[in-house]
Amino acid sequence: MSDSGSFAASRSRREKTEKSGRKEALERLKRAKAGEKVKYEVEQVSSIYEEVDEAEYSKLVRDRQDDDWIVDDDGTGYVEDGREIFDDDLEDNALADSGKGAKGAPKDKTNVKKSSVSKPNNIKSMFMASAVKKTTDKAVDLSKDDLLGDLLQDLKSQAVPITPPPVITLKKKKLAGSPLNPFSVPPTAPKVLPTSVKRLPAVTKPGHPAAQSKASVPRQIKKEPKAELISSAVGPLKVEAQVKEEDSGMVEFDDGDFDEPMEEDVEITPVDSSTIKTQAQSIKCVKEENIKEEKSSFITSATLNESCWDQIDEAEPMTTEIQVDSSHLPLVTGADGSQVFRFYWLDAYEDQYSQPGVVYLFGKVWIESADAYVSCCVSVKNIERTVYLLPRENRVQLSTGKDTGAPVSMMHVYQEFNEAVAEKYKIMKFKSKKVDKDYAFEIPDVPASSEYLEVRYSADSPQLPQDLKGETFSHVFGTNTSSLELFLLSRKIKGPSWLEIKSPQLSSQPMSWCKVEAVVTRPDQVSVVKDLAPPPVVVLSLSMKTVQNAKTHQNEIVAIAALVHHTFPLDKAPPQPPFQTHFCVLSKLNDCIFPYDYNEAVKQKNANIEIALTERTLLGFFLAKIHKIDPDVIVGHDIYGFDLEVLLQRINSCKVPFWSKIGRLRRSVMPKLGGRSGFAERNAACGRIICDIEISAKELIRCKSYHLSELVHQILKAERVVIPPENIRNAYNDSVHLLYMLENTWIDAKFILQIMCELNVLPLALQITNIAGNVMSRTLMGGRSERNEYLLLHAFTENNFIVPDKPVFKKMQQTTVEDNDDMGTDQNKNKSRKKAAYAGGLVLEPKVGFYDKFILLLDFNSLYPSIIQEYNICFTTVHREAPSTQKGEDQDEIPELPHSDLEMGILPREIRKLVERRRHVKQLMKQPDLNPDLYLQYDIRQKALKLTANSMYGCLGFSYSRFYAKPLAALVTHQGREILLHTKEMVQKMNLEVIYGDTDSIMINTNCNNLEEVFKLGNRVKSEINKSYKLLEIDIDGIFKSLLLLKKKKYAALTVEPTGDGKYVTKQELKGLDIVRRDWCELAKQAGNYVISQILSDQPRDSIVENIQKKLTEIGENVTNGTVPITQYEINKALTKDPQDYPDKKSLPHVHVALWINSQGGRKVKAGDTISYVICQDGSNLSASQRAYAQEQLQKQENLSIDTQYYLSQQVHPVVARICEPIDGIDSALIAMWLGLDPSQFRAHRHYQQDEENDALLGGPSQLTDEEKYRDCERFKFFCPKCGTENIYDNVFDGSGLQIEPGLKRCSKPECDASPLDYVIQVHNKLLLDIRRYIKKYYSGWLVCEEKTCQNRTRRLPLSFSRNGPICQACSKATLRSEYPEKALYTQLCFYRFIFDWDYALEKVVSEQERGHLKKKLFQESENQYKKLKSTVDQVLSRSGYSEVNLSKLFQTLNTIK
């Protein structure tokens, strides 16, 4: 190192000059131990700072920067940035690691020497420099250095202090940016801020002496337009050389805090005019490129005619800087004339463990001087724990539980709490008072109304146990109530709203990343302001591309695209376009390089792209943008399941500082990631509302899957191009593909934002949250039970009730998704599924068949909420007894209905409020000339009210709900069943036929073809039923022109929609059929849809059968020929839990494929995701369920091919067969034949045993012809002993007319002259062997599952039975039936008797002419041989008990016992 101006010499050091200091200290310690009093002596400390003026200090800093203080390093290794040693940001631990690289990156300050573009300043470049031969210095043309030019631009910028305070920047319309930097401000006339706007003092961090010492220096604002237009740029303009560098220039974001402005306080010195001229030309060039960008295209994608980049700047705002004075808060005058802090809260956060009793509120505050809203954070402190102690009547000994008989007063309760409880749980200070409270919930021995001891103590003290009891008190309520809940309920805050804070205080230390911060010392200083419109919010739509690292198997982020709208309204229609600005950032993989022509390609396309040469730089840049844009809402797809977790993991892995900028609360310790509940990810983003459109879509619409591609297709009617993860790595091979990949990321962000707008997610969530009174970020996570919980919490708290404590479950139920796709998997473990907790809605037995006359569908409006109102069912009105231990658990205890004279309970009152509010809003929507924005606002509000009201009943029956009340839920459903039965009886009394009913609706067969008459009939029925109720109301829900009713909850119909003038149009409606379920392939669904459309059409029956035959034959041929697209074979099935949690992974195809997807990297599939797979032939003998593959596997592996046999027999055939079941002339075997399958495998017993017995009692079989009766029987076969030809016999006689003769008379081969009757003994033996074979087949006892897709076959009788028979252990969906039932055996034996019954055939089968001919021919010998064969069958049938009815046994119950 050089001696002059060395590092040590240039810095002040705090040094102890006195050498005897240690000795003196020991002497003082010795005297103190001896008892001598020691006085504290204040030493006069000399100043450790050298005081200089601003100009001198700036010159000193520049001298340090210019000094090459490392000897012989040629300026390549280290750089002096001129700062003091205490300017380093010591707050974040990550800096310790980043400092090891000895890079010259700026440390959270703006007085930074910009590093040279020509040589990167990092260790890698130093080693590279040492490895090559040293060359002589070349002359450098400074006029071509745009970074130097940028510094020269700063010469005219405004003067700033050394440690400038943060700048709040709100952007307005800007033109297209420079080729590489979308954040540079183009040369436009600046907006000069008024001089009255004050500058905030610097927000300093603890242990930051330099910042603290200069915090009071205000920023000076000069009206210099030319300086403003240059200095307001976020980063310098970049040139082509930057792409080739590793960590230099603007991509060096190692440790910097990007919210700081990047101006320097420099001394103005003369500048060479040529440099200024060059800079002016550069600006002019940028301006021309901005104009060109509007016309140029980026890259033509598969889905867009022109590149999306051409339209991205249509609504971009101008950039203006807003400066907020943090020396005082932006106060306004309240209603009482006092000065209050008014802000709109959007999100709330609490940390019950590290900061108990503190709630952080995040929102927006209006800055009058800047005419804009900025973010704010309010810390509400000192929220006390509040518990209620219920006194006993008499004192009880806790050890024995005996009643001592001594009465208990409130003073006794206080004394026990003070002496026993407070001391045990270290509650040093508490307040208490006597209060009167009501209770109406499920703890049996709590009185309806009583005096309680209310105790309040600091949240810093421990939480009391929930089951705490004492000698003087029996229960303690409110022990585990969170501070946030206490705050929201006590201050009556219902969702995002305007709040006023009295006596707010400035925050002594920065606690958040918000622009304005305030502290409230008492929660009662917060009050709600009503009837003010919500402010606009900043919305950011996010999309990412990741690649899995082959070594670490971690997802690494390579590209991020984001769209931003700075003034997104929450109470109006979404803006068009839905974004104003955007940014994209692209990184390269560690083992890849950018294409050689990438920089040129970007410049030609004028794309707005930031380049980050490492993932760490990309993440640092992203956090900087998040902080600068400061979004209130971050929108994404599967953002909770993937994006947030990956972002936080990569930020942690790359040791990027200020990770907490992803949210709004400053934190240093990152929460532990990887939990299945996503708890850490949610907390990390606190302060910013996370909107996951996947969760919102699941609540608002029905889709076969909720992948982004499917949502784009269904909602936006567009097609999304998906880039497979392996193609992302390949995209770095050339610029075209790399730019296309980045554009694809941008388009995904646009799709996400458009879907959010299309579904009105934010306004709807806001309305629901305002109704329920919870937190909006929780509403967007889709938890309906929490919404109902908060609505009831507010209602009961306002009515002076003690609310039930949040239940604590020892073993939480595994996260499952409400889906029936995986019914019965691992049933033994989930006992709750075996039997419902109480009886649900009533489903009437359907009258299966096809109806071609008008069917009337009547439906009760909101049945369960209406029942709760009609009968005043509430916690406060229904008397519930304690569950009896003597009664069986299976016995439902239905409580009595409340008396009609009782006052309306809180639950029906709340529902009535919702219903009346919705009715009022719908009336407002009918106003003429209504503003479209207002109409949309009303529509969203009525939807929110409807969603909330309809889900209110659910909290009663949900066992994990805080307001779970099984008796109330059972009473509601019981009344629903009674109402449906009563409705059915009333309709039948009107001489009408009810063909089906389900929970809240009935179907009536009108036997009428006149639509007008049907409506009259419906209105008559409706008025008669509604007379019986005050609030319950039934209405005409629809009219079906034709209906195919298959079974319970499964039907297809043509609904009638009148168009006026007596005309109507029809629309197909499907309920519960296979073709509306997602676990059937598209091929089967299309076949089923076609069959249904044919059946419901007006064509003749023969034409329908013929059309179905043609279609199925065509499908069979197309599948066999391989002309069906692969997408038609995809089967979709949802995961009800995480793939690794399934016990039998191999037997479940979607789980098997899900595990493969997770092993490939990229997005991990989890519970709730829908998996698409195809069944393939892979050369193995495994079952179809184990031959499931993802479509990507099919395309990559040559040995895989579609299993056409499976799709025809297990997908198309079952779907079509079930639909055609009630249709005469079509059966399973016929459908199989049309599809090209073996019909013998599908000769299924279509009718169940119970149906067959009913038919037999009604004489069904006797009405069938012999041909129909024996249609499914196997024919008798006999090989001719002479020629070996197989003869098949199915009747006594062959031929007709004069050619008729016994079937056994001659061999079926014309050339053979042998007669089987000559070998009657052999025929007899063959017949006996066949009979024995069938009897053996019956007694082998094979059982098969009646579900065609299951194909389970077993001889083991399961232990679990249903009403219809033993339940299949394989699928747990259907029952097992005998593969060869007794009726089939009996019918087969009867068939053998039929083909040898000479007398019966002579009398019943042949005509009179043929009968006379047979008698003339004298077949006496043949007749005797036939009778011998028949007698063999008769002997066997005589031993069968199937055809006998034991009358004595049948009527034995009628015998009287003597």
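Any Cβ shown, glycine's included, is placed from N, Cα and C.
What Swiss-Prot lists as region 'Disordered' is 1-25 (among others).
For 15-25, the entry in Swiss-Prot reads compositional bias 'Basic and acidic residues'.
Swiss-Prot lists 89-119 (among others) with the feature region 'Disordered'.
If you look up Swiss-Prot, you'll see 650-715 (among others) marked as region 'DNA-binding'.
The feature region 'DNA-binding' is assigned by Swiss-Prot to 1241-1373 (among others), with sequence analysis given as support. The average pLDDT the prediction assigns to the region 'DNA-binding' (1241-1373) is 77.
Annotation source Swiss-Prot lists Zn(2+) 1 binding site at CYS1280, CYS1283, CYS1307, CYS1312. CYS1307 (Zn(2+) 1 binding site) carries neither a helix nor a strand DSSP state and counts as coil. Non-local neighbourhood of CYS1307 (Zn(2+) 1 binding site): CYS1280, LYS1282, CYS1283, THR1285, ASN1287, ASP1313, ALA1314, SER1315, PRO1316, each in the same chain, at least six residues away, with C-beta under 8 Å from its C-beta.
What Swiss-Prot lists as zinc finger is 1280-1310.
In the three-state DSSP scheme, CYS1368 (Zn(2+) 2 binding site) falls into the coil class. The Zn(2+) 2 binding site annotation in Swiss-Prot covers CYS1345, CYS1350, CYS1368, CYS1371.
Annotation comment: Swiss-Prot describes 1345-1371 as motif 'CysB motif'.
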Listed in sequence order, residues not in CYS1345, CYS1350, CYS1368, CYS1371 with Cβ within 8 Å of the centre of the Zn(2+) 2 site Cβ atoms:
GLU1346, GLU1347, GLN1351, ASN1352, GLN1369, ALA1370, SER1372, LYS1373, ALA1374, LEU1376
CYS1280, CYS1283, CYS1312, CYS1368, CYS1371 as binding-site residues, winner by CB count within 10 A:
CYS1368
Let me know the most crowded of the binding-site residues, choosing from CYS1345, CYS1350 and counting other Cβ atoms within 10 Å.
CYS1345
Roughly how many Å separate the Cα of CYS1345 (Zn(2+) 2 binding site) from that of CYS1312 (Zn(2+) 1 binding site), to the nearest whole number?
46
Using the recorded Zn(2+) 1 site (CYS1280, CYS1283, CYS1307, CYS1312) as reference, state which further residues of the same chain have their Cβ within 8 Å of the centre of those residues' Cβ atoms, listed in sequence order.
LYS1282, GLY1284, THR1285, ASN1287, SER1308, LYS1309, GLU1311, ASP1313, ALA1314
Sort the residues of the region 'DNA-binding' (650-715) into helix, strand and coil with DSSP and give the three counts.
30 helix, 5 strand, 31 coil
